[in-house]
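K.L.:
This is the feature table in TrEMBL:
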ACT_SITE  His702  active site, proton donor
BINDING   Arg18, Glu19, Leu20, Lys21, Lys118, Asn123, Arg523, Cys524, Trp569, Glu613  5-methyltetrahydropteroyltri-L-glutamate binding site
BINDING   Ile439, Gly440, Ser441, Glu492, Asp607  L-methionine binding site
BINDING   His649, Cys651, Asp664, Glu673, Cys734  Zn(2+) 1 binding site
BINDING   His649, Cys651, Glu673, Cys734  Zn(2+) binding site
DOMAIN    6-316  domain 'Cobalamin-independent methionine synthase MetE N-terminal'
DOMAIN    434-756  domain 'Cobalamin-independent methionine synthase MetE C-terminal/archaeal'
Amino acid sequence: MSEICTHILGYPRIGGQRELKKAVESYWKRELTALQLEEIEKKIKENNWKVQSEAGLSFVTVGDFANYDHVLDTSILLGNIPERFIDKNVEINLNTVFCMARGQAPLYKSTRACEMTKWFNTNYHYIVPEFIQGQEFKISLNSLFDQIEHANSLGYKTKPVLIGPLTYLWLGKSIDKDFNKLDLLEKLTQAYNEIFKQLSLKNIEWIQLDEPILSLEISEEWKNAFATTYKNLSFKNLKILLTTYFSSVEENLDLINKLPIHGLHVDLCSAPQQLKTILKTFSKDKILSLGIINGRNIWKADILKITNELQEAKKIFGQNLWLASSCSLLHSPVDLEQEFKLDGEIKNWLAFAKQKVGEIKLCADNLNNNLSDIGKIKLKEVNEALKDRRVSKRVHSEEVKKRISQISLNDSERESKYSERALKQREILKLPLFPTTTIGSFPQTQDIRSIRQKLKSGKIDLETYTQEIRNHILESITKQEALNIDVLVHGEAERNDMVEYFGELLEGFVFTSHGWVQSYGSRCVKPPIIFGDVCRPKPMTTEWAKYSQSLTKRPVKGMLTGPVTILSWSFVRDDQPAQETALQIAFALRDEVNDLENAGIKIIQIDEPAFREALPLKKSEWQEYLNWAVNCFRVSASGVKDSTQIHTHMCYSEFNDIIKSIADLDADVITIECSRSNMELLEAFENYSYPNEIGPGVYDIHSPRIPEKSDIKNLLENALKYIPADRLWINPDCGLKTRNWPEVEIALKNMTEAAKDLRKKYEAI
């Protein structure tokens, strides 16, 4: 019998030691040439292919690598480059890519960057394609073809990956008003046909065409567009594996079954229930690729359970059955073997990208009854690790479970409604019209990182560390006062990451040394691992907040990360419902909020940047999530007096469809990322008559470009179309951790000067 085919949908592109991050950032600083950067990228790609080949996968996946973002690379490939990035004297090159992403690149004119937003419901961010009426597409940079030729030259059997035309359109944004981007499909189809024509000359058999929007509840218009487009696509001699992930495709199976494709990939980790329907309806003459190894979590797979559940699929599809990762392994850390310091018991429960590649092959061999002696040993080790995790006493806390079981309605209700709270807060805080603030973090300098590293390595004691951090807090408070900011922050010098910091102080978390995953561009995050019940052994931020407030008469915000964000930005235990873990975190944060209030902190910010990204992909499943997510936020925030002002912050969010739930959070002030969208997001707040206070971001912190005072004033005038002046706050889009002090000080000075000008204008009205 033929072996079951194995593959992955993509591999982490950052390198085992974050080589890509370091190289790209060095290139931006002009410390590396383009050729030197290319050489580092080449080594990363070669290593990624080697991992797949040595594990015994049937294909090596190519085209998944990008030096910033794969959606941006698709825009470049298609020649979809907005006019502001085109220099008629310079051909499209690497700097075009970086300028579109950042608004700035070596030897390139500075301009407004393209928007960035979440990749479906993950913590990865992509650069949003821009579409205009009459948009032309023309094959541009050929990095995809170069990658294929490179891998082919090394003797690998390659499977290129490409974002499908409908998903690419879906991900983009129409710049022209009253313009349907589906009108571009005819020209886009022609461009894809040109790509397929070139790919057909590259000695490849299969193309992985990613259409994850087929996991969404798409309209009839989009379904019809799929049917028309795929009818007009010319695949030449290529075979197309239509690839979906992150949710079920059951609602769109009738459509999929009619498309002229050669195979279908589905994600069984996010939606295992869909297999039954697919086995009944999908053609047995086509390839069925099943995503059975979770690309979005880090727990060892239950190989025996998986292979038992695949017996019927094997019986029906035979050699047409393929096994794969559920989605790209982009969302997993690279290699568990690098974790020398991780708790040995918990490490034995985990699998990172490299190990997941091996798990796919182990599943296939076990399903094929073709395990080698080494494979049998590996399977035995997996079973023992799974058993150890199930019975470990470190996972469960009776005290935590008891507290959760005793939750009451009072735990999620403030004393009074917002209109009454606002009067008390204004009386105490005495803030001006258009109060200014920042979101939380200030630049994490090399000195700050060095101090934390010295403490971890034992080179300095806790007393020395505390004094050093206090010095940085004093510096940030002094600078904010000099800039005349109204509500201050302490700058978060003690925090390496907004989630990791809290996880290190909560029970139920462990941390890796090298468990980095890409968030956007060169930005990587190291998510905590929630392995057990969560509680707070002692206060986490109170001493820093008390010290910060002692330095100034202006209010200093207490800064916390919210329960949904801590959950969403961690690798979460899979042995209980996510909402149960979130509620445990909420109660831990509630204790911290109460301690901050008792310490004299009058404004407490509970950041929920992940609130929207955690929505299920299907709208029909939203309400269940929103109910528990809102409840968890309210549990964390509702133990304080009316006079304490609760803030929250959200990123990259489209608010129209969840505005009621955002209002239900009942935060006194919400700050949101808005500058790249030119305040368009605020339409939701106008249409709903949002009752509380809002701070739309006026400074894009993801770009090194410094906004002029006039830019900020224009954004604020736009914001005032939607928000009453007495409820408008002024702030950057997000935390300033990744920026440097010189640019931050200029930008914040422009921000406070803009606020001053607006006060003169509107206080007189």
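Glycine is treated like the rest: Cβ placed from N, Cα and C.
In the displayed structure, how are the listed features positioned relative to their neighbours?
P.N.:
Cβ neighbours within 10 Å of His702 (active site, proton donor), excluding its own Cβ and spanning all shown chains: 24. Reduced to three states, the DSSP call for His702 (active site, proton donor) is coil.
Its Cβ taken as reference, Lys118 (5-methyltetrahydropteroyltri-L-glutamate binding site) is surrounded by 21 other Cβ atoms within 10 Å in the chains shown.
Just so you know, the Cβ of Ile439 (L-methionine binding site) picks up 26 other Cβ atoms within 10 Å once every protein chain is counted.
Look at Glu673 (Zn(2+) 1 binding site): DSSP puts it in coil. Its Cβ taken as reference, Glu673 (Zn(2+) 1 binding site) is surrounded by 24 other Cβ atoms within 10 Å in the chains shown.
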K.L.:
Taking the recorded L-methionine site as Ile439, Gly440, Ser441, Glu492, Asp607, identify the other residues of that chain whose CB atom sits within 8 Å of the mean position of the site's CB atoms, giving them in sequence order.
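P.N.:
Going along the sequence, the neighbours come out as Thr438, Val489, Met498, Met559, Gln605, His649, Cys734, Gly735, Lys737.
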K.L.:
Whose Cβ, among the binding-site residues Arg18, Arg523, His649, has more other Cβ atoms within 10 Å than any of the rest?
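P.N.:
Answer by Cβ density within 10 Å: His649.
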K.L.:
Among the binding-site residues Arg18, Ile439, Ser441, which ones place their C-alpha within 10 angstroms of the C-alpha of His649 (Zn(2+) 1 binding site)?
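P.N.:
Candidates kept after distance check: Ile439.
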K.L.:
Max Cα distance spanning Arg18, Glu19, Leu20, Lys21, Lys118, Asn123, Arg523, Cys524, Trp569, Glu613 (5-methyltetrahydropteroyltri-L-glutamate binders), Å?
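P.N.:
Result: 28 Å between the two most distant Cα atoms.
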K.L.:
Cα within 10 Å of Cys651 (Zn(2+) 1 binding site): which of the binding-site residues Arg18, Leu20, Lys118, Ile439 qualify?
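P.N.:
Qualifying among Arg18, Leu20, Lys118, Ile439: Lys118.
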K.L.:
Which whole-number value in Å describes the distance between the Cα atoms of Glu673 (Zn(2+) 1 binding site) and Ser441 (L-methionine binding site)?
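P.N.:
On Cα coordinates alone, these residues lie 15 Å apart.
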K.L.:
Average the pLDDT scores across the domain 'Cobalamin-independent methionine synthase MetE N-terminal' (6-316) and report the rounded value.
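P.N.:
Within the domain 'Cobalamin-independent methionine synthase MetE N-terminal' (6-316), the model's average pLDDT equals 95.
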K.L.:
To see if you understand the setup: which same-chain residues, six or more apart in sequence, place their Cβ under 8 Å from that of Asp664 (Zn(2+) 1 binding site)?
P.N.:
Val630, Arg634
K.L.:
Could you measure between Gly440 (L-methionine binding site) and Cys734 (Zn(2+) 1 binding site) for me? Cα positions, answer in whole angstrom.
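P.N.:
About 8 Å separates the two Cα atoms.
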